[in-house]
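Student: Mind looking over this structure? Questions follow.
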Amino acid sequence: MQKISKYSSMAILRKRPLVKTETGPESELLPEKRTKIKQEEVVPQPVDIDWVKSLPNKQYFEWIVVRNGNVPNRWATPLDPSILVTPASTKVPYKFQETYARMRVLRSKILAPVDIIGGSSIPVTVASKCGISKEQISPRDYRLQVLLGVMLSSQTKDEVTAMAMLNIMRYCIDELHSEEGMTLEAVLQINETKLDELIHSVGFHTRKAKYILSTCKILQDQFSSDVPATINELLGLPGVGPKMAYLTLQKAWGKIEGICVDVHVDRLTKLWKWVDAQKCKTPDQTRTQLQNWLPKGLWTEINGLLVGFGQIITKSRNLGDMLQFLPPDDPRSSLDWDLQSQLYKEIQQNIMSYPKWVKYLEGKRELNVEAEINVKHEEKTVEETMVKLENDISVKVED
């Protein structure tokens, strides 16, 4: 019988098979295949990294929350109409502006794992489970934890990633006596075998243990024990692919230089024909094509929006698993799950075809979206450019 430590037995987590998928290629984890982003693809975002590094805890978290749009009632807050307007020469999906606005309102009514234990939430959530408040987390440690959480998340559900992060955090506190929990210095004291044991439930855990320790050593030797602040420096780290790099850059440094395309964004944008599935064989190709037309003002939030929908239509997911990470006084822990489940079923039934999804959102009168947005189209007619979307869509979302 396999020996399970107290850290790896905190929850019963299914071990994911080592499989290679089109939308989550195993090659993203290989350090030999490095991706260099062309300079012309980068969207300028004025962020003074030295200034960010100088921010104390309170000011840093206040700034990064606003910068990433992770504010209360984010999805229920109407967008500035100008954000959704695109040039007349840009082809956009059928009824995109109206549908996107309604999607945001519907998104405000559902709770998904990404909302509790997503890339930027997981360090704070895990720390609170270990008695470390947000006020006690240094910005440098937070940035490290964002990076490590993103590295662990590849081909792994958020709930499983959160448990692996919790294992590391508790080991750093209990065994290494690190009062701050998961710091660079503490992680470097963990040997590879032990780290592999702590993260055994995530996909490719043995490989990730090696990459994490190698990455931490590089951060110590080459980046003054902090996370790199450019896309190509992040892509130079072992096991870090474009999705991980863009997400880390956004969540840790507030730099929006590209869209983070994970399996959910990849599948839904192909399903709805927001991108050409025949030309987008990898998530990075999906990212490039999506960036060609999606208004830049939406690059920050598109991942969180679609990931939330993608997670709740995954039939194999037990959404109740995420509640264990909520503190008892969190109002989200007392949600009416009967109503949530009914809403999830409606979404599952209607999201599989974009024309059907549009009609579903148009019929949801209780969403009260009349004040959400009033966009003047610069296109001649949106319907003419995407008339093919009226046909049945053959792409199906896998579990």
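First residue shown is number 1, and so on along the chain.
Cβ from N, Cα, C; glycine included.
Not my notes, these are from Swiss-Prot:
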TRANSIT   1-26  transit peptide
CROSSLNK  Lys194  SUMO cross-link
DOMAIN    223-247  domain 'HhH'
ACT_SITE  Lys243  active site, nucleophile
SITE      Asp262  site 'Important for catalytic activity'
Student: Could you give the Cα-Cα distance between Lys194 (SUMO cross-link) and Asp262 (site 'Important for catalytic activity'), in whole Å?
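Tutor: Given the Cα positions, Lys194 (SUMO cross-link) is 29 Å from Asp262 (site 'Important for catalytic activity').
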Student: For the recorded positions listed here (Lys194, Lys243), tell me which residue's CB has the most neighbouring CB atoms inside 10 Å.
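Tutor: Within the set of recorded positions, the most crowded position is Lys243.
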Student: For the domain 'HhH' (223-247), what's the mean pLDDT in this predicted model?
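Tutor: Mean pLDDT, the domain 'HhH' (223-247): 96.
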Student: Rounded to a whole number, how many Å is the Cα of Asp262 (site 'Important for catalytic activity') away from the Cα of Lys243 (active site, nucleophile)?
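Tutor: Just about 6 Å between their Cα atoms.
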Student: Would you mind checking how many other C-beta atoms are within 10 angstroms of the C-beta on Asp262 (site 'Important for catalytic activity')?
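Tutor: Taking every protein chain into account, the count is 23.
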Student: Please list, for the domain 'HhH' (223-247), how many residues fall into helix, strand and coil according to DSSP.
Tutor: 11 helix, 0 strand, 14 coil
